[in-house]
Amino acid sequence: MKEKNIYLVGNPNCGKTTLFNQLTGLNQKTGNFSGVTVEKKEGVVYLPNLELKITDLPGTYGLGGIAEDKKIAYEVLLKRKENEVVIYVLDALNLERGLQFLLQIIDMGVPTLVVLTMKDVLEKKRIQLDLKKLKHSLGLEIVLVNAKSGEGISELKTLLSKEESYRKQKRLWTWGSKEESFLTSLKQKLKITTNEAEFFLSQALKFLNHDPHLQDSRYLNQFPNETKQFLTKELESKPLQFAYQEEMIHRSILIKKIISETIHYPIAIQGSWEERLDRIFLHPILGFVCFFLLMGLLFQSLFSFAEIPMDLIEEGITGLQETIGNVLSDGPLKSLLIEGILGGVGSVVVFVPQIALLFLFIGILEESGYLARASFLMDRLMGKFGLSGKSFIPLLSSAACAVPAILGTRTIENKSDRFTTIMVSPLIMCSARYPVYILIVGTVFSYPPIFGIFNVQGFVLFSMFFLGMIVSFTFALIFRKTVFKENASYFVMELPRYNLPSFKSLFFTVYGKVKSFLATAGQIILYISVILWFLSHFPAEYKDNVWKTSPIETSYIGRVGKVMEPAIEPLGFDWKIGISILTSFAAREVMVSTLAVLYGSEEEGEESESLRETLRADKKPDGSPVWTPLTGLSLLLFFAFASQCMSTLAVTKKETGSLLWPTVQFLYMTTLAIFTSFLVFQLGKILGFV
């Protein structure tokens, strides 16, 4: 079977990801681009006698740029192999913006097939597009699709299998008359005949002209020293405008001509209902009300809608534990499988429905176009804290995970903005905290719904999200006033159209993220659960063909816990909670599996029950409950602020290029966590809430 590598390229919000999901389905994997940690999505399309490997490049408005993720597309296309081609995704409603990028790719001499999206919107708005004339103007093969419904995808797959579908085209636009004449004579003298060689020549000329947008000498270095000297001498004697801005102007002239000949807009693109929605969502007061209502709805749904699948998973794990218990004879293997592996890993798997709902909700906000509006709205608020709206997307991304959120700060050109965002991103409630929060909230805040509608647990979870935002903004202001004093950058963005999210695209997005969560967290949880099981059961002795394990208080882990208990008792924590805090430094969700293993070891031989029920039943020596609302609140606040994630600290070091900033991050967050938990628990005791 033949193989072909294809790069999927386009502007942000052009339908590129939806098209990628339509083509590849579940045949996807994620990784990183070589040399950087920007996420790379790859997928496979199987056609008769042909396997297409598609790489989804980061969405960008052009080639090159200051931010590192913007350079990725440029570097990949520049270093592509001869047989690698491009599918360029062009938004039919934003031709002017999309054609600027496409013309740059044509200049590079890359074989390209154009996919024109938004077919449904064209028809709905009665926009007339002359596809035949557009093909003729560009000299490329173009296929019109509806990426959401899949209309036109079969025609696209037919074209993908044909080599002639990917076409090279000579530069379509022209420089000014002096520059064009000079370039023509140079090409003749240097015997340049290919697109690629002409592209390198024009880049070298821009470099020699000291273009601020091009400070890379590698294009000039492609030529022999004699040629370099010749080019330098020629440019010194002639005042020519070889510059990026000039390119943009001359491309725009051609683009306006193409658009005027190929597309006709009988009605305004922006519909009145969209304008009315923007008046609400972007309103300085109503906009924030809508944002917090949406967040409140999310956290209510995490408990209301996920309860049934959570119970089913919990029952399934319990049933599996009981089956293994009936099949295997008593001994270390049985205990390891039931309490260590199933008890540890299963305790986190139970929370997958709620994590999936979180990813689904964020996906809906992003695909609908609301997330960009939330960024625009937050720019006003964040400006008061020394940040711009550019920081909002990475901060909101922290609701999934702080690691990609910190990597996402590469889109922020202002160094002070970027470093501040990196330092405060871990304060936003992430998906790793969800299993911890949900366990604590479900254990100590199991009250009837307010007014019979509003779930108390959902309200507490929303409060934790809101608290994380407020504290992150507060520390952003502190950092901007003390350490990163450079002026904040301006925030300019294009608001995408409102779209009805694609169910298929949402499914693939949620599936991929849940799979990634289980793959990364599950491996860590499995290893730590096995180690904890060993430490909580040993020392043990084998006597009369029977294994006799130590009581958990006298086991290795129990001894460590008892030593640290006096230090954490003022925070309201016992030794088991202390051990779970220690292990959760590897990954926050490990706290849940740690408690499951510790409590499972303590109650060996008893009937299996849910971890929440076990925690509620736990008593101190004086008969009072270990898990009270005050203890739960103290623990929630500790996990809200503590730097309990090695991966976050590692990526902070990588992105800042210094050990100083992850050290500062760890110290300020851990100090804040200990101080807040201590203050709340001690005040609660004084007020009689123990």
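In case you wondered, yes, glycine gets a Cβ from its N, Cα and C as well.
A quick note: this is a predicted structure, and the numbers were derived from the prediction, not measured.
In Swiss-Prot, the transmembrane segment annotation falls on 387-407 of the listed ranges 72-92, 387-407. For the binding-site residues given as G10, K16, L57, the lowest number of other CB atoms within 10 Å of the residue's CB is seen at L57.
Sequence-distant residue pairs (6 or more apart) of the transmembrane segment (516-536) and the transmembrane segment (280-300) include fewer than 3 whose Cβ atoms are under 8 Å, leaving the two stretches without contact. A contact links the transmembrane segment (459-479) to the transmembrane segment (280-300), because at least 3 Cβ pairs that are 6 or more residues apart lie under 8 A. Cβ neighbours within 10 Å of N13 (GTP binding site), excluding its own Cβ and spanning all shown chains: 19.
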